[in-house]
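A short worksheet on the structure shown next.
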């Protein structure tokens, strides 16, 4: 928020007039302030030559006194600690200045290394290990793995290669003591926001800031409209208008056999850089995508990844699963998709794109980002597979038109990596 500077002019009394030969100043004649004169033989009586001016001056004085009185009262009500001296005024000023600090758009956080037509980027992947996130041998501890790699992209041939910094055993272990119902640190996404790295736990609703090899809770998201006791099951994160958008599955919450219970997963959250949270009902937006894909109720679409593009001024969604039929917990494992949605800001215009051929019914999209420097034309995406309790992860790349540039490559045969980001 910008402040407008007010400019004041300083005027010298000597510039208003000069003394005439009689010794009377022009400026006194012009202003006509009260003067001492003799009235009815009485000396020293003040005569008001210009009553409107005196009235105006009196009004101004009254207003100033009233403003000071009101300001003191307001401060007394709102901030008794400041008036009592328990908290220094500088603390209050610091808080105000912090609100005015500008948003940091640095992205990616590590400057790419360029060699000819090749650009080399640092990427990170985060796991959601579900019930396996409980740290073995440790009480009240849950963990997630953060794996690093270098992605190389050639802007002429559009070739992509990835070099991993070791295997799963070499990944950084992030530990937290926060859980809900005995489960926690089931991190579903990675996002750089305001030059910081964040992830969301889909069990507790906690958004964590990732600090090298540890995590710090930032904000807690409650389910649905924000007035629920349960934490929000956050699945995707996107940055738009200097806010962090966090979304859920995008379908109604149902029983294992598809009976609808509520639509809390169809709400989304926005978080500003200072941690202020707002809640929005996105039921119409999710239903609009269902309609375009021909998956209207009782059919469904499960979303775990979304990105806003400032270049295209559009939302992009890569659903994990979709079906024309009613939800079924067992059959859902075989309903992966190759759909890509491109949606206008208000979801009034939605384009459906197919990414290559649907070669696997078990590998669904769980996260994606645009490769920096490609004008949001090329997508790097994760796919996860969960079949009868066993999980795998894959990585792929393709254009926004659906042309595959990097076929599915195995990331892990043991863990479910659900978030990818350029770090």
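Here the Cβ of each residue, glycine as well, is placed from N, Cα and C on the backbone.
Of the listed candidates (333, 403, 418), TrEMBL assigns 418 to the same Ca(2+) site as 188, 189, 235, 304, 366. Which of 14-32, 33-51, 52-70 counts as transmembrane segment depends on TrEMBL, and there it is 52-70. The secondary structure of residue 235 (Ca(2+) binding site), as reduced to three states from DSSP, is coil rather than helix or strand.
For residue 366 (Ca(2+) binding site), the same-chain residues 6+ apart in sequence whose C-beta sits under 8 angstroms from its C-beta are 188, 304, 305, 320, 382, 383, 384, 416, 417, 418, 419. Apart from the site residues 188, 189, 235, 304, 366, 418, the chain places the Cβ of 128, 202, 236, 305, 320, 367, 419 no farther than 8 Å from the centroid of the site's Cβ atoms, the recorded Ca(2+) location.
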